[in-house]
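A.B. asks: Could you have a look at this structure, given as structure tokens, before my questions?
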Amino acid sequence: MSEAEQVPASAPEAAAVLDALNATDSNGTEALNATAKFVATPEGTALAYGSLVFMALLPIFFGALRSVRCSKSKNSADMPETITSRDAARFPIIASCTLFGLYLFFKVFSQEYINLLLSVYFFVLGVLALSHTMSPLMSRIFPDSFPNKQYQLLFTQGSGESKEEIVNYEFDTKNLVCLVISSVVGVWYLLKKHWIANNLFGLAFALNGVELLHLNNVSTGCILLGGLFVYDVFWVFGTNVMVTVAKSFEAPIKLVFPQDLLEKGLEASNFAMLGLGDIVIPGIFIALLLRFDVSLKKNSRTYFYSSFLAYIFGLGLTIFVMHTFKHAQPALLYLVPACVGFPVIVALFNGELTEMFSAVEGEMEMSPFSEVSENLTIKSKTELVCNVCLGTVEL
């Protein structure tokens, strides 16, 4: 779900904004009075939307690249979790139950205590996710002369022949450095709830999701995207549940960027936001198509680029409609047809539709990760992402 979120910046405005929110009509339009309502400038709006698109592209692009290496990894910590067609069919039902359960929790219990509990939970998850995200970068930054010692964390149950491993995690000094840096960001988020710390955790969650969640085939991806398409449309247009939970839920499950950054700097408080589900769900499908491209052993990455550009088109259309009608939009309403339709049309044109739908994760023969990186050079990565962002800012 994508929407613009208003947050009061100071205590004198809090009462006025609260009264306005209580007067929200059935369409979710905030009846803010003239003194409390902030009207974003065209420059601030363009900067916010462009930044959201840029941030959404990063975990999809680099998470997809890392998913190729992940599929070949022998390390248990980097082994992907494969989603089957059965999992995909159940996912919208489980997501709906979770969403409605959170909605009831916020209605029955104090929002303050719920968010305190969730903050601690996501602090732990965020530190681990950000540490895992930073690890490859740190490996390149540290010189070969750096004293990198190996460690192993092992928990077992029982003794003798009945001994069973519960946790067996191997790490090194570089991983510990990443953990310390991530913990600093975590404390910053826990104490200040700053939007930059929120986005660092959000980007880490999204990148890890795209990297480690693998669809077993394209058909499963279509089932998952189709089910969540209905889920997103129903809970955004049919009820106020998703919008209510998104505004009440103080956790890094969304990317935010202030529309009043130019006026208020880093203390800005009028946010546009994009849910992580609108990044990860299409992202794991795009990553699958990259692995399919690699398995074809061609120099081009046709299906990856077509789906990636389709995501840009769908997200841009979401922002345009949201900005035009001033109402929260279910982003998957626009992303799913684009991300599925574009690659299918390309496959039909290339005569590879049957091959694309019959390819199964685990049976696709992967090229070494270095070959993928060579085909997607730094220059091509930079040009592609920059062109995307410049096109979006013009909205």
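Each Cβ is built from the backbone N, Cα and C atoms, and glycine gets one as well.
Note: TrEMBL annotation is automatic and uncurated.
For 46-68, 88-106, 112-130, 197-215, 222-246, 271-290, 302-325, 331-349, the entry in TrEMBL reads transmembrane segment.
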A.B. asks: Using a Cβ cut-off under 8 Å, which residues of the same chain at least 6 positions beyond either end of the transmembrane segment (271-290) come close to it?
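C.D. replies: Contacts with the transmembrane segment (271-290): 1-7, 45, 48-49, 52, 55-56, 59-60, 63-65, 67-68, 83, 195, 202, 205-206, 209-211, 213-215, 217-218, 221, 224-225, 228, 232, 246, 253-259, 301, 303-304, 306-308, 311, 314-315, 318, 331-332, 335-336, 339-340, 343, 361, 372.
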A.B. asks: So which of 46-68, 88-106, 197-215, 302-325, 331-349 has the most C-beta pairs under 8 Å when paired with the transmembrane segment (222-246)?
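C.D. replies: Between the stretches 46-68, 88-106, 197-215, 302-325, 331-349, 88-106 has the largest tally.
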A.B. asks: What residues in the same chain, six or more past the boundaries of the transmembrane segment (331-349), come closer than 8 Å to it by Cβ-Cβ distance?
C.D. replies: 1-2, 221-222, 225-226, 228-229, 231-233, 274-275, 277-278, 281-282, 285-286, 289, 302-303, 306-307, 309-311, 313-315, 317-318, 321, 355-356
